[in-house]
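Pulled the feature table from Swiss-Prot, pasting it below:
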type	residues	note
REGION	1-56	region 'Disordered'
COMPBIAS	14-29	compositional bias 'Low complexity'
DOMAIN	74-141	domain 'BTB'
DOMAIN	176-278	domain 'BACK'
REPEAT	325-371	repeat 'Kelch 1'
REPEAT	373-419	repeat 'Kelch 2'
REPEAT	420-466	repeat 'Kelch 3'
REPEAT	468-513	repeat 'Kelch 4'
REPEAT	515-560	repeat 'Kelch 5'
REPEAT	561-607	repeat 'Kelch 6'
Amino acid sequence: MGDLPGSTGGGSGPAAAGNASGNSSSAGNTGLGVAGTTGVDRPPSPARLSHTSEKHPKVTLTELNMLRRHRELCDVVLNVGGRKIFAHRVILSACSSYFCAMFTGELEESRQTEVTIRDIDENAMELLIDFCYTAHIIVEESNVQTLLPAACLLQLVEIQDICCEFLKRQLDPTNCLGIRAFADTHSCRELLRIADKFTQHNFQEVMESEEFLLLPVGQLVDIICSDELNVRSEEQVFNAVMSWLKYNVAERRQHLAQVLQHVRLPLLSPKFLVGTVGSDLLVRSDEACRDLVDEAKNYLLLPQERPLMQGPRTRPRKPTRRGEVLFAVGGWCSGDAIASVERFDPQTNDWKMVAPMSKRRCGVGVAVLNDLLYAVGGHDGQSYLNSIERYDPQTNQWSCDVAPTTSCRTSVGVAVLDGFLYAVGGQDGVQCLNHVERYDPKENKWSKVAPMTTRRLGVAVAVLGGFLYAIGGSDGQCPLNTVERYDPRQNKWVAVSPMSTRRKHLGCAVFNNYIYAVGGRDDCMELSSAERYNPLTNTWSPIVAMTSRRSGVGLAVVNGQLYAVGGFDGSAYLKTIEVYDPETNQWRLCGCMNYRRLGGGVGVMRAPQTENYMWCENSLKQHNNPPS
């Protein structure tokens with residue numbers, strides 16, 4: 001900062017006298033002055049220093065909060081539930097339009113020193129009043145469902161926005177419908193829009209959730225009538241509708257025609273329309289449904305008439321989405337465990353190497369949680385592992401900061417249910433395990449849940465309808481065909497119908513509301529056979545066998561198609577993959593991985609928004625050429 005301007009003072013003789021008498025504004029302007037002239041006369045400029053305190057608002061709020069805590073100068077008490085909350089009207093009115101209207105208008109509460117607030121959670125109110133005094137709040141899973149309604153009532157828009165942002169970040173296929181309903185109830189339009197988009201984008205996973213089966217008919221119609229619904233074919237929409245219907249046939253069959261009119265039956269294949277839709281007993285027993293089927297048949301049989309038959313049911317859906325990609329992780333190749341990881345893109349039918357794990361892992365359990373790929377346990381060729389690595393496809397990096405499981409586990413089953421990562425069975429080098437534990441990513445902590453009724457290594461796991469299924473495996477003596485499922489609400493395992501074939505080291509996945517179990521090994525040999533489980537009838541039924549025998553096979557659904565990856569055929573490790581077509585009940589080969597893999601894990605994720613795979617270009621050279 002420069003010096004303050006000053007003047008040079010007076011002289012002597014006539015000039016000085018003239019200044020004294022003729023320019024009174026400069027009289028006495030000697031030493032430090034605030035205005036003056038030097039040579040050329042200028043209008044005086046008063047000195048100023050403007051200051052705005054950045055600390056003042058925080059300090060003032062802190063002091064006001066201290067007064068509140070000590071109940072000093074408080075002029076209102078809020079009775080909420082069984083709790084009394086002391087406060088200052090002016091602070092509440094400044095922060096909340098609700099309180100401003102209450103205390104500055106003609107309402108009776110404006111004259112009361114104690115005000116009762118109804119229909120609001122007392123803990124949520126305490127947090128919101130704290131926010132008014134501190135500008136700080138923590139929104140978390142345990143309080144968001146009470147905070148958001150309270151913030152809406154008090155018209156605290158900033159807190160509403162924070163709660164909605166928190167819920168957006170929590171969206172996944174198992175909870176998006178509940179969050180959507182919550183947003184609709186509280187008129188959170190942006191959250192409702194995001195939840196709708198998420199539901200449409202992830203419909204193939206959403207339709208397998210328990211929330212979907214519990215939908216009211218109106219919400220189901222809202223979802224399936226969307227042009228943006230992301231499905232591989234209209235068959236998936238029909239299957240989803242029938243699963244919903246059969247969840248409670250007695251109450252829902254009256255709505256079948258109302259719902260079926262939003263399934264675009266003319267877009268079905270003729271075989272599916274006649275063989276599946278037209279032959280369904282519930283459809284055949286409803287006249288309006290039969291009319292819809294006849295309309296679709298006419299559309300398919302009379303192509304020359306189609307221009308005259310256009311309507312909402314003949315309009316193809318227009319989903320916009322990033323495709324899914326499949327990751328093959330670790331495994332056993334040429335006599336040793338491997339750390340390599342590669343990615344398959346069905347749109348290009350290409351396999352690319354990505355960053356390897358830090359440890360070699362065979363018998364590794366793999367699952368995707370919150371858009372991150374977890375590799376759990378396994379065997380590195382010398383030791384049984386309890387360590388875990390986590391892969392981020394956006395950065396193409398593995399991290400090792402995940403808490404280890406409580407037990408070493410190889411040949412372990414891993415799956416995600418209700419936001420938790422479950423590790424099921426396996427072996428620890430001493431015994432076959434029935435232990436089950438689950439990982440909370442928020443706490444970075446594993447905790448044990450109820451053990452299975454049977455010890456299982458080489459077990460396959462799947463999640464369907466809010467249950468965790470443990471399928472087959474070996475008890476340490478012989479392969480199993482038994483199946484049990486875990487209910488997290490009761491923390492209990494219950495047996496369900498067994499498979500028709502004993503299988504250990506099998507692959508399994510949920511596809512079109514069935515659990516598919518393929519390959520594995522029985523008492524004598526590696527298997528190519530496959531079967532699927534219907535949870536509505538609690539029955540297993542066979543499907544066509546794969547083209548190759550595959551033990552230690554990975555099975556996954558990618559972009560609505562079922563892929564079997566790698567394995568061992570009894571004489572050679574495999575790098576081939578094959579895909580299943582449920583309409584034709586056939587498997588076909590569709591390419592090869594870079595590495596042969598037995599006992600590798602597979603996981604499916606959205607394709608990264610950016611191709612951050614600089615490592616890939618030289619990965620094969622750095623790790624030598626993969627075995628042929």
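The backbone N, Cα and C atoms fix where each Cβ goes, and this holds for glycine too.
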Provide the three-state DSSP residue tally for the repeat 'Kelch 1' (325-371): helix first, then strand, then coil.
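When I sort the residues of the repeat 'Kelch 1' (325-371) into the three classes, I find 0 helix, 25 strand, 22 coil.
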Of the residues in the repeat 'Kelch 2' (373-419), how many are helix, strand and coil by DSSP?
0 helix, 20 strand, 27 coil
With DSSP helix as H/G/I and strand as E/B, how many residues of the domain 'BTB' (74-141) fall in helix, strand and coil?
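The breakdown for the domain 'BTB' (74-141) reads 32 helix, 14 strand, 22 coil.
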Looking only at the repeat 'Kelch 5' (515-560), what are its DSSP counts of helix, strand and coil residues?
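So the repeat 'Kelch 5' (515-560) is made up of 0 helix, 22 strand, 24 coil.
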